[in-house]
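**Student:** Found this in TrEMBL, in case it helps:
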BINDING   B:Thr82, B:Asp84, B:Glu97, B:Gln116  Mg(2+) binding site
SITE      B:Lys99  site 'Transition state stabilizer'
There are 2 protein chains.
Amino acid sequence: MVNYPHKIRPQIQKHTSQTKAVDFANRGMSFEKMINETNQYYLSRGLAVIHKKPTPIQIVRVDYPQRSRAKIVEAYFRQASTTDYSGVYQGHYIDFEAKETRQKHSMPMKNFHVHQIEHMEQVLAQKGICFVLLHFSSLKETYLLPASYLIAFFKIDQGGKSMPLTYIQEHGYLIAPAAFPSIPYLDIIKENLLGGKHDS
Amino acid sequence: MVNYPHKIRPQIQKHTSQTKAVDFANRGMSFEKMINETNQYYLSRGLAVIHKKPTPIQIVRVDYPQRSRAKIVEAYFRQASTTDYSGVYQGHYIDFEAKETRQKHSMPMKNFHVHQIEHMEQVLAQKGICFVLLHFSSLKETYLLPASYLIAFFKIDQGGKSMPLTYIQEHGYLIAPAAFPSIPYLDIIKENLLGGKHDS
C-alpha cells in the first residue's frame, strides 16, 4: 500500500459530494462528443485523420432472422486493451485516451487500466505521439498530459488512487477553451510534442 | 456503367466454381488469424505496435441483471467507416485493410466500401503509410498493394467488380511466405514504403 494517495483522499471525497449535478463544459456536450466534434473538424479541413475506435464487444450469440440483417442477441462489453483514439497528423502516429471527472483537485486513476498503460509505453517506444486528454468538468478545464507523465505517476501510484491537478498542471498543457473546435488539442501537439524525440 | 470489368467477369466466375473448398494457406489458419499473429510477433519484439480495430457494433438494448455484468441483448453490425488495422512503426502511422479470395485471377472489389476508400485517401493526404494486404488462398500468395493503386483502380472500376491479379502484381509486392511471422509485411514497408513521399 502506498501512503501518498490516502492523504488527499478525504479532500477528494468532499468535493465529489458537492458536485453531484452533471456539469459538462460547453453547451452541455459530453466530453466525448466534444472530442468527436473536434476530430470531425480536423478531418473535414484536412488537418488530421483521428478516429475513436469502436467499443470492444464480445459477441456470444447472433440470430439471423429471415429477410433481415443479423441480430446480436447476446454480447458483453470487453475492457479496452488499447486507447480510445488514434490517427495520423502529417505522417505522425497520434494516440490518446480521454477521461473526465467532476472532481476539482485530482483525476481518479481507477479508469486507467494496466493494459492501457502498457499500450502507451509500447507506442512511446515506437516514437508515436501519445497523451491523455483530462477534462475537469466542474472547472471547465481540459489538459493534455503527455503519456510519459501518466505512466510515471501510474508506477508510483500502484494502488490507483488519484492524480493531483497540480501534477497535471506542472507537466501538462491547458487547452485553451474554444468555440470551434471545442478541444483544439492539435495546437498543443504542433507546438510542444513534435520535437526531435518524436522524429526518427 | 463501365465496360471493362464485364470483360473479365466470366473468367472469374469460372474459377470461383472450381475453388469452392476452403483452402487457407499456412497450417489451416485464416488470413485474419495470420495477420493477428504477425502483429503479435511485431508487438512482442518491440518492432511495431499494430492492432486490429474492434468490429463496429450498434448497440440498441442492454440489460443490467442484478449482480452480473451488463448484457447486450440487441445490437447490429455496422459497416466499418475506416480500415481494420492501424498502428505505429518508428513514429510512422500505418493503416491497412486485409482481404482474401479463393479466386485465382482477381480480387473482388465488392468488399471495399466507398467510406474505406475515402479514409485511405484522407490517410495518404496526411502522409500516413496506407495499403491493402490481398490474400489469394488458392494460390497461397499474399500481396501488399499501396493504397494509391487501390484508389486509382476503384475510381476507374466504379461498378466494383474485380481487380486483376496482373494489376496487383504490377503495382504491389509479393510477401514472401514465412513460418514466423506468417505475413512479414513490415519488411515490405521498410524496403519500399518509407521513401521521401511518406516523410514530411
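The first residue you see is number 1, and the count goes up from there.
Note that Cβ sites are derived from N, Cα and C of the backbone, with glycine treated the same way.
I would like each feature placed in context: is it buried or exposed, what are its neighbours, and how far apart are things?
**Tutor:** Annotation for B:Glu97 (Mg(2+) binding site): spatial neighbours B:Thr83, B:Asp84, B:Tyr85, B:Phe112, B:Gln116, B:Met120, B:Val132, B:Leu133, criterion Cβ-Cβ under 8 Å with sequence separation of six or more.
Less than 8 angstroms from the CB of B:Lys99 (site 'Transition state stabilizer') sit B:Met107, B:Asn111, B:Phe112, B:Val132, B:Leu133, B:Leu134, B:His135, each of them six or more residues away in the same chain.
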**Student:** Recorded positions B:Thr82, B:Asp84, B:Lys99: which sit with Cβ under 8 Å of a chain A Cβ?
**Tutor:** B:Thr82
**Student:** Please list residues from the chain of B:Thr82 (Mg(2+) binding site) whose Cβ is under 8 angstroms from its Cβ, counting only those at least six apart in sequence.
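**Tutor:** For B:Thr82 (Mg(2+) binding site), the qualifying residues are B:Lys53, B:Asp95, B:His115, B:Gln116, B:His119.
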**Student:** Tell me, how many other CB atoms lie within 10 A of the CB of B:Asp84 (Mg(2+) binding site), whichever protein chain they belong to?
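**Tutor:** Around B:Asp84 (Mg(2+) binding site), other Cβ atoms within 10 Å: 19.
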